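Let me begin by presenting the structure, written as structure tokens, before commenting on it.
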Amino acid sequence: MDPRGILKAFPKRKKIHADASSKVLAKIPRKEEGEEAEEWLSSLRAHVVRTGIGRARAELFEKQIVQHGGQLCPVQGPGVTHIVVDEGMDYERALRLLRLPRLPPGAQLVKSAWLSLCLQERRLVDVAGFSIFIPSKYLDQSQPSKAEQDASLPPGTHEALLQTALPPPPSPTRPVSPPQKTKEAPNTQAQPISDDEASDGEETQVSAADLEALISGHYPASLEGDCDPSPAPVVLDKWVCAQPSSQKATNHNLHITEKLEVLAKAYSVQGDKWRALGYAKAINALKSFHKPVTSYQEACSIPGIGKRMAEKIIEILESGHLRKLDHISESVPVLELFSNIWGAGTKTAQMWYQQGFRSLEDIRSQASLTTQQAIGLKHYNDFLERMPREEATEIEQTVQKAAQAFNSGLLCVACGSYRRGKATCGDVDVLITHPDGRSHRGIFSRLLDSLRQQGFLTDDLVSQEENGQQQKYLGVCRLPGPGWRHRRLDIIVVPYSEFACALLYFTGSAHFNRSMRALAKTKGMSLSEHALSTAVVRNTHGCKMGPGRVLPTPTEKDVFRLLGLPYREPAERDW
């Protein structure tokens, strides 16, 4: 992940969490001068738990509650009606954070999405679908019945609560890693790293804006600006895609980041993506800092590092160790072992762990595997070992020779880390097209049959994946002769009109690509592996309402030029 982009991505300023809930807050009409505020929350006596929600967003919630007639109460204050918590909170953690043995009488534990919907609808909506179930033993003995609660509500509130319940708005997601090739099993949580769930403080409060910054290398504009159809001027020096990867900063804090990366990995394999992202943010901020960190105050001054994380940094500086590493669950190395099986992600690894499996032999002999997972397990060690560049060259030439046996004009290019000039590669992606725009048709199946007959392709993971006019094969290959390992190979056949954008996409790096796509979006454009389009209309949520107009891009240089970027050679895109 890009250290330089992260530093640019997190300016030292207060920021609003740009998820569905915070967008709702941004859309609340501002009160005009002289206009009396509507008090449609007059029956609400709320307490907002900031953990997970974040200070800035919680303050916005509290301001809106008061502005619209509601009251803010201490959690044990008389008459508190709603305790608002983060979406991912369960009742056990909520009570632990509140330091209460049971819920106060008359109070309901609700997700923050409920309050967001109330603000969006400008009314008190039903909590159905938003309330968090609490076993009766955690309810105060004096907790009134539902009928008693209804009877105590002010006039008009009962009717408001009886209105049809709306489903909670979907939580926005932005992938940190590529999607799994196979369907994941239901999520079952493994043992957490430690019982001290509140110990991470600020670094766990990662906003969707932070996520956007991580993947684009640019801190998003304010939420109010998201609705402006006119693209804002772009400062290119803040974008990863505008800079050569050779400008990556020297890591002056390696002794710190190494230990934090262990924790980040532990959270990641346990499926705690937001906490893992919080650590990634801090790690990259440290990597890009211009000097070794020497004090707590200096650590706090770095954008992307909060007080809790600064405490961990100082602990490492003073003792050379981080005590939290001593409490990493024994499940972590097992989960990492399992998640390295091709076709098995975090959720599947957690499911296997919960079923009692502890080794690859357990998986091999007892687990129910998909076809892809069985292949991934069979070639586990081969897939994990990166291949030397010379082997990737041999694989590219084998595919090229087989393809050009059908048509000598076919272009075959190995992409990915190979094209970026890396000394080793994890897999090989070969892109195939023909300059006449026609002769690539029909080559896909014939090429695969030929490579199978040669014994070059040994296993099929995904025989054919249609993506518009592009066809993609995911499989396993092995070069002829003794001593060669099984390697992951993807073959993608594309029309020539899409070749430049596909070449850019499959060359990567993934971080560089995400930065380019985010930049295109700010310009009212859209970039994908198929095309670069302009005049793209999006709604207020950023979703495309139409395809726009496709721009001609004969070469990669045209894509850079149309985006107003200096051209970067593949070796300069290795962010």
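Going from the start of the chain as shown, residues are counted 1 onward.
Including glycine, each Cβ sits where the backbone N, Cα and C put it.
Annotation source Swiss-Prot lists Mn(2+) binding site at Asp427, Asp429, Asp490. Just so you know, the Cβ of Asp490 (Mn(2+) binding site) picks up 19 other Cβ atoms within 10 Å once every protein chain is counted. According to DSSP, Asp490 (Mn(2+) binding site) is assigned to a strand segment.
Residues or ranges marked as compositional bias 'Pro residues' by Swiss-Prot: 166-178.
Taken from Swiss-Prot, the feature compositional bias 'Acidic residues' applies to 194-203.
Applying DSSP to the domain 'BRCT' (36-132) sorts its residues as follows: 31 helix, 16 strand, 50 coil. If you look up Swiss-Prot, you'll see 36-132 marked as domain 'BRCT'.
Feature annotation from Swiss-Prot assigns region 'Disordered' to 160-205.
The region 'DNA-binding' annotation in Swiss-Prot covers 265-279 (among others), and the record cites similarity to another entry as its basis. Restricting the average to the region 'DNA-binding' (265-279) gives a pLDDT of 89.
If you look up Swiss-Prot, you'll see 345-348 (among others) marked as region 'DNA-binding', on the strength of similarity to another entry.
Same-chain residues lying 6+ beyond the ends of the region 'Involved in primer binding' (420-429) with a Cβ under 8 Å from its Cβ atoms: 386-389, 392, 395-396, 414, 477, 487-490, 492, 506-509, 570-571, 573-574. What Swiss-Prot lists as region 'Involved in primer binding' is 420-429.
Annotated region 'DNA-binding' per Swiss-Prot: 466-505 (among others), in sequence order.
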For the Mn(2+) site (Asp427, Asp429, Asp490), what does the 8 A shell look like? I mean other same-chain residues with CB within 8 A of the CB centroid.
Cys415, Gly416, Val428, Val430, Leu474, Arg488, Leu489, Phe506
Do you know the DSSP helix, strand and coil residue counts for the region 'Involved in primer binding' (420-429)?
0 helix, 4 strand, 6 coil
Binding-site residues compared (Asp427, Asp429) - the one with the fewest other Cβ atoms within 10 Å:
Asp427
Secondary structure content of the region 'DNA-binding' (265-279), with strand meaning DSSP E or B:
12 helix, 0 strand, 3 coil
